[in-house]
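Features as listed in TrEMBL:
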- 56-354: domain 'Major facilitator superfamily (MFS) profile' (DOMAIN)
- 89-110: transmembrane segment (TRANSMEM)
- 122-141: transmembrane segment (TRANSMEM)
- 153-171: transmembrane segment (TRANSMEM)
- 183-205: transmembrane segment (TRANSMEM)
- 217-239: transmembrane segment (TRANSMEM)
- 288-308: transmembrane segment (TRANSMEM)
- 314-340: transmembrane segment (TRANSMEM)
Amino acid sequence: MAYNDRNPPPEDGEDRPLLLSRHSDDVLIVDPDVEFGGKKAREVLERNLLRKVDRRMSILVLIYILNYIDRNNASAARLRGFEEDLNLQGTQFATILSVLYIGYIIMQIPSNMFLDYIGKPSLYLPVCMIVWGGISVMTGFTTNFFEAVCTRFFLGFVEAAFFPGALFLISKWYKRTELSQRTALLACGILVSNAFGSLIASAILDSMEGRLGYAAWRWLFFIEGGLTVIVAICAIFILPDFPETSFGWLTPAEQALAQKRMQEDHGSVEDKKEPTSGLQLALTDGKVWWLAITLISINVSLSFNAFFPTLMSTLGYSATITLLLCVPPWVFATVVAVYLSRYTGVLLYASLWF
């Protein structure tokens, strides 16, 4: 290429974009992926980045499984003396189940605002997990209705941090075309927890009665809450932070690409905003309200999860067989959800145009 006054030669070590001549005018063509070595090099780098992020994000599914197990283990405990030992009467058991959602509803939005403010999901989410695991363990020591209601209320208060926080975290790493499948796989944690939570509960309730002087239902809370704490400690070292604050496991090029992907997908760079700015955007977006109405309609059926073991017990089987009978529907639901998640990404992205 000939150099001239309009196109001087680059200085030593200086990278220059390619200049092409067209109709005697120089046209500046800038490769948007030049910092990553070009388009093909970027594609390779992007695949490596997604593999790394997927591996770290996979622990969110395990956390969500434990989140739901700790939320619903009272239903399994009811089969082995939970009501009798706490002297529950009338609708008190239903109250114990329902009070969790008061704290859960109160805390969800403030929790995500705080997470956005501190920018450290790798610390915040596991710490919340440790706290709710500890509360689950404490539930095993309750002796009356009041104590059980208190532990369940604060359990919901702390558990509320996880699911909206997990969705917020994955939205910081994945483009819109990649989100639906990851979100669907995360939501499968509910289905898996209902299936294998029943298996775990059947094993504990069948083998731990009277150990160290505690009833089997108390061991259910001890073991499942303790398992939650152990996984939470591991999650501190596995979960990523946001692209702009994650260090140590990404190369500089991968970190730059992670931020550029979000800039390209959202149409703006990440900037520092007040924690309330996102809330204001959500409240003024009509699609958010339609989604809220849809989720309310769907989540009404969640009470079925809490009473499914009780309904199965009316068939007259032992507690162990009853819990095992709760497994097949959720296994089938998990298979269907994983299968459908492979196609919802394209459909969701297409719907953005309407």
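A Cβ is built for glycine as well, from the same backbone N, Cα and C atoms used for every other residue.
Note on the transmembrane segment (288-308): residues 72, 74-75, 97, 194, 282, 326 of its chain, located 6 or more positions outside it, place their CB under 8 angstroms from a CB of the stretch. Counting Cβ pairs closer than 8 Å to the transmembrane segment (217-239), the top stretch among 122-141, 153-171, 183-205 is 122-141. Comparing 89-110, 122-141, 153-171, 183-205 for CB pairs under 8 angstroms to the transmembrane segment (314-340), the maximum falls on 183-205. Same-chain neighbours of the transmembrane segment (89-110): 71, 74-75, 78, 82-83, 145, 148-149, 152-161, 164, 279, 303, 306, counting only residues six or more beyond its ends whose CB sits under 8 Å from a CB of the stretch. For the domain 'Major facilitator superfamily (MFS) profile' (56-354), the model's average pLDDT works out to 86.
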